[in-house]
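**Student:** Feature table excerpt (Swiss-Prot):
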COMPBIAS  17-35  compositional bias 'Acidic residues'
COMPBIAS  38-49  compositional bias 'Low complexity'
DOMAIN    123-169  domain 'F-box'
REGION    1-56  region 'Disordered'
REPEAT    255-295  repeat 'WD 1'
REPEAT    297-335  repeat 'WD 2'
REPEAT    338-375  repeat 'WD 3'
REPEAT    378-415  repeat 'WD 4'
REPEAT    418-457  repeat 'WD 5'
REPEAT    463-502  repeat 'WD 6'
REPEAT    503-541  repeat 'WD 7'
Amino acid sequence: MWPRNDVQMDEGSMTPEDQEPEPAIDQDMEFDVNLEENSYSNGSGSSYNADKLSSSSPLQHKLDLSASPTQNNEANPRVEHLVALFKDLTVAEQMEAFARLVQESNMSNIRQMRAIIEPHFQKDFLSCLPVEIGIKILQNLNSTDLMKVAQVSKNWKMLSEVEKVWKSLEDRGFKNLLEPSDRTRGAWEATAVIPGVNIPDHVNQCEINIHRLVKLLKYGPIYERSADKSRYLRGEKIEKNWHSRPIMGSAILRGHEEHVITCMQIHNDLLVTGSDDNTLKVWSIDDGEVKHTLNGHSGGVWTSQISQCGRYIVSGSTDRTVKVWRAEDGFLLHTLQGHTSTVRCMAMANTTLVTGSRDCTLRVWDIETGLHVRTLQGHQAAVRCVQFDGNIVVSGGYDFTVKIWDAFSGKCLRTLIGHSNRVYSLLYESERSIVCSGSLDTSIRVWDFSRPEGQELIAFLSGHTSLTSGMQLRGNILVSCNADSHVRVWDIYEGTCIHILSGHRSAITSLQWFGRGLVATSSDDGSVKLWDIERGVLIRDLVSLNSGGNGGCIWRLCSTQTMLACAIGSRNNTEETKVILLDFDANHP
């Protein structure tokens, strides 16, 4: 059911870093596999042929020692006669003969029989196989099993350290992890206690450094033996940090005074926040300091985006303009004019921007040149949400419809009709031509617009009792958060609700899916909760405001694989406007 190719770890088991076995081979030796030559090399010129690996295993040695006591003597005619008779027996008769022999033997003979028989059930199959086949087998194991494999023998340990084995796990679980950051400067300094805000405990960095040094002296540098293994084990440590461990650090970013943070994005080391105070702020995540304040709008900023290349920041405002800023220094490059009402939403692919407005239109722009490309007209009311993949534009409006557009011709390809109230949220997955739309009519509709016109609806998901504020889709699993205070987990092909996650006391404002079954949600109740959507259970509260329930709320969430940004404030001045950063990162083992 679950759209996952990753490896599930038993939460109750020992962690992989704790299970790292004491190496049975030279610590300085690095083993690589050349599959064409079927041999190992240790980086120093020496090589280990695969045939040699498989010919001297401990189990093979045991088999040799367990041979018959008479194997070096001349053949015994009486024994040879019995063996010949035995071969002529049927299988059933042979089994009966075995049983009678055991019954007629004394305990000493039975012990010798056992020593001869047992090795046949303990064959070292990895040593008997070509190296590339052994690697293929190990690529199907999880990290805990690979740790156990490494403790069996030198041969098995060498195979378990091969880069390809851990690269396979890394691809299934933790891809594209950025290198660890040393977040100890600026706003990250001495922020373990945040007045009025409850967050997870922080690690004792001194204890961490001592623990790492002890492991390094005992086991040697894992990264040097297998970079992919080190990266994967770091990924598992990060996941455990999210689940239950103390966090690496926290930072408070104060800005926008008592105004609402309306939008927030992360790109590498940049965090961008937009506010109804007419400004945007560009923050450095590494030190938690403001790099630039973007002034220029004459109305509140309601939507913003960072370009995929990271060079541009784009913002839309109630002043009816779109502005393009240079991220490096905050310089205003272009002011895009044309909309006649609030710019409410935007989506970007490369340097092509699509904006949606309360003037019922969408506009396509080139942000490098600042030129207007075309206008998409067809909605009969305000455009509330938009998605864009570079070719296809999907928009949702207050006219209860979802429209599919060709971005370059400007033609409306399809109008999806079915909602009975305003469309507030959209998801678009271009590979499958799937659109998910959430409406004030409380329903979520899943469409496949590659189907014939009129047959696009593939699922009608009912159960929420208010508007859907956020959705994320992976495979057949859709997660939605709603103003009714509940999170629901759906199977879009079955059209069923798998889990209802209850715990928030007020409207849910934002949702972030980290993969591997972890979802974080924020709420007007002043909390951020982490859920396991596979089991349908609450893992823990990541943030809890003392002012929650009295006006303090979490407006927005934004995340990377190692960090969570929470936009915090209130509508009645009970909570200071700020962004809290929580660092769940881990160093290489």
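Each residue, glycine too, has its Cβ placed from N, Cα and C.
Just tell me what is around each of these and how deep it sits.
**Tutor:** The DSSP breakdown of the domain 'F-box' (123-169) into helical (H, G, I), extended (E, B) and coil residues amounts to 33 helix, 0 strand, 14 coil.
Taking H, G and I as helix, E and B as strand and the rest as coil, DSSP gives the repeat 'WD 1' (255-295) the counts 0 helix, 24 strand, 17 coil.
DSSP places the residues of the repeat 'WD 2' (297-335) in helix, strand and coil in these numbers: 0 helix, 21 strand, 18 coil.
Under 8 Å from some Cβ of the repeat 'WD 3' (338-375) lie the Cβ atoms of residues 299, 302-305, 307-309, 312, 314, 316-318, 320-322, 324, 381-390, 393, 395, 397, 399, 405, 407, 410, all in the same chain and six or more residues away from its ends.
Helix, strand and coil residue tallies for the repeat 'WD 4' (378-415), in that order: 0 helix, 21 strand, 17 coil [DSSP].
For the repeat 'WD 5' (418-457), the model's average pLDDT works out to 96.
Within the same chain, residues 1-4, 422, 424-425, 427, 429, 434, 436, 438-440, 442-444, 446, 508-513, 515, 519, 521, 523, 525, 531, 533, 536, 538 sit at least 6 positions outside the repeat 'WD 6' (463-502) and bring their C-beta atoms closer than 8 Å to a C-beta of that stretch.
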